[in-house]
Structures are given as C-alpha cells and as structure tokens.
C-alpha cells in the first residue's frame, strides 16, 4: 500500500483524511491531509484547491482552523494540504532551533546545498510527486488551483507562475512576495540555495513577474492591515505595484484590522474558494 | 484591572479575545475566550451563547476549530468559552494522570470531597462568577443560551435545566446525558461528590428531567451515529426516551457518519447558533 491512512473524519458530508507515505523526492516519510467533498464520494472526479501552509505549520493547521470544508463541500472542491518541509529524525534542522528555517520551513524550493539537498526538495514534491500520487489514489480531476498563507502564499504564487498550465488560478493570504529581500527568505535561501543570489530569483514571485511572456494566472491576494510581518517580511504592496505596471490580473485586497493569524484566513477563505471555483 | 487580555484577533469583523482573571470561586487563575461580534463593537448589548467544552479541552478548542465566529458575526451573538476545570500548579489532578478526571475534566459540578472541594467548583464558576464578570466588562445583554460538547454537553443540559430563568435555550453535541450511569461520570462524581450516589443526581440530566414541574427550555441535540463513545459513555438515546415520555421540547438528531470530533461540531454549529437565535 502506497498510502497509510492515519485519520478519517466525516465532515460536511465529506471526508477529512490524513495519510502517510514515503516520499522518494524528499527521502523521508511524509504526511498530508485531504478533504474529499460529498461529490467525490459518489466517484465523480472533483477539482482541487491545493493549500500550502506557512512557517511552523504542518498539514493540520489549515484543516483544523480555516473552516474551509464547509465551502469546499458546497462547491464540490477537494482540498489537498501537504506538510511544509521534509520530516523525521534523519532530516537536518536549523542548528539553532529557530522556527524560520529547517523543519516546518521548507520554503517550497529545491535545495542545492549540502546537507539540505538530500531532503529539502519541496518544490519537486509539491509540483510533481504529491500531485501524481493523489491523482492516482483519489477521484480528482486535472483542474487544480493553488493557495497558501505567508511562506505558503509565497509557495502558491511562485509555483503557479512557474506552472501556469497546471494551475487555473492562484490566491494567497499575506504571502512573502519578495523572499530575496525579506529576512526570512534571505536566511532560508542562503542555506538551501547558496550564496549566489541569482539562483534565488527562480523562487521569488516579484522576480518571476518581471520575466517576458509570462502566462497570466488569475490571482487574488488578501493582506491584513495589522499584520505584524507586513513591513519586514511580506511586502505585499510590491506585488501590487509590479502587477499594476505590467497589467497582470491581480485582485489585491487590504483587509482593515486583520493580523497574520488563522482567524484572518478563516474570515476570507470562502471568498478564495469561490474565486477559484470560477476557473475550476 | 480584573481582566488581563492575553490575545485579541480580528475575526469576521469582530474580536476573538482571550483573558486571564483570578477566580475567587475556584481559588486559582483562570483563562476564558470570548468572541465579540461586530454589533458589540458598536456598543450594542448583544446576546450570548455560552459554550462548554469536553474532556481535555481548554477555552481554545472551540474558538479555533468550530468555525462558529462566522455565524455569530452574522447573527450578532457573543460566544463565551470558559476552560473545563480549575488550573495551576496548586490544583490537584488525577494521581494516575488520566484525561477523564482532574485537570481538563471538572464536569461542571461543585466538589464536596477533599482535596477537590478547594478548587473544583466549576458549577458555581460557570453559573455565577464568570457570567457576572463578563456582564460587567463587555456589552452583553441578559439574553443567554448555552451549548456544549460531550462533558460540556452534559454541563450545558444540566445547567440549563437547573437555571431555566437564565438560559433561553440549550443545545448539545454528543453529550453525556446520564453521567451517574457512565464510566466517565461515575469516576468523576465518586471523586468530586463522594460515595453517596444520591448527591450525584442533581448533576445528571436524565435524573433532573424526572423531577416534577420542570420549566421547559427549548433543546437541540446532535449525535453522530459513528461516535465511539455513544454506547458506553454518552447514551443520548436515553434523553430522547425521557423527553418523549414527558413531552419535553427536544429536537433530537442522529447525524449519520459523524464521529465525536470537532469536524462533527464544525459541520452543525451553524444550525445550533440559528436555533438559539430564535430565542435570544
């Protein structure tokens, strides 16, 4: 058996499940969560919203705290929620034990530097291995959109822009839009990708958007005005400025009063799922 | 200052907050959560749904996992979420460290037995001290309903039946309806209330319902058909049988496929808040 089922809870007439599997990309055992809406239980292939979580998260934060299953059940969308890094005793972690690098902080890149390049290949895992696996095991259509929060918002935007044929739309909550110029991003990219900062740009949403002949993926972004990480880490206004300049289809919303927490995500996840549904 | 604010997150245009305070009833520092809907922020006194959680929970499980704030915001209802037991290093716990007694398992009774009777007076805390405190500190009306899950469902039903002038309606998810005849209830009641089982009956929903001249509090109960605790601990069908026999206003719903988890609560909390709104 490729997948080991860890949990299965009936939820809004669908199934909220967790699975463990061995990842040959990451060279370790991985866990992901999936919500299968009622439509999927009848065997109907359903479209997917792929959710990438932020620093310190696992596959569980979103499925427990966002309240997304209610809307996914109504719209007939499966939710797929991977973990945020490779895991396990053999996987190296930040030697200082900080939350912003190593376990829980894979940043959705393919590490090139030792010792990180044995396990920290989250880009390939998210873009290739996990989609192939779940497409085989569950009644999913090939219509996928992608969303995420903070580090996962960075992942969602960057992955959608690099794979516009694979993702019909993209959205993000408080994403790190310019990691090559954020404290979190610089620390992680230096370790994973080395000192040559040119190699970092392939994983930076603002840099990618400056490329020629970019395919346009419809994009929604929500940013809380009271987000403590906005100025030093997220810099979401830079994405807005670039999209305005190149006429890229971004709906950019500043939500007054909201912070960086899951209470912010819960407040607007319905809008995001309905946005994606238009393209799925 | 009576209350120390621990957290404040904007959520569905209201505030999800946590507070710490010294409880003179429980003789220890306590924490509770409150959701103030947008209507309260404009100074308007709003009605309350009081939520009592189950074994092992704190004030946080419901506010993070149930997705109730969305509906509370729409309906203009405040949610008040107390902890499930006294807390702190000086509060005695189950000497065997089990989850079903002691910390996280106050069972909403007033303990009479030593050493529990110094701190485990959750009935008085929930019925008297905490309501008085929050009524002074927040713009709340005197229109309250009460709900809860499992041990908290027991608490909600028992407290509503004993205080029909205080609670306009009551609802429960998978409650322990007959704790004097459940393994969880017997263990806890024996420790908190002593060997004389007659004293237990004042805290048992099924026993209370057999009293004469009981005031009728509208009641909604959801029970998952796949709940692992249904047969040995919850026995919710007994409540239905009694209510049928005495023509008590109970809406009893068995929800096929659902278990005992918060995914079950999330799936039906909207129905419960709309049920209470009719009476608030």
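The backbone N, Cα and C atoms fix where each Cβ goes, and this holds for glycine too.
Just so you know, TrEMBL annotations are computer predictions that nobody has curated.
Under the heading active site, charge relay system, TrEMBL lists B:150, B:227, B:260.
Between the CA atoms of residue B:150 (active site, charge relay system) and residue B:260 (active site, charge relay system) there is a gap of 8 Å, rounded to the nearest whole number. Remark: residue B:227 (active site, charge relay system) has B:174, B:234, B:258, B:259, B:260, B:264 as non-local neighbours, by Cβ distance under 8 Å and separation of at least 6 in sequence.
One residue stands out among the active-site residues B:150, B:260 for having the most other Cβ atoms within 10 Å of its Cβ: B:150.
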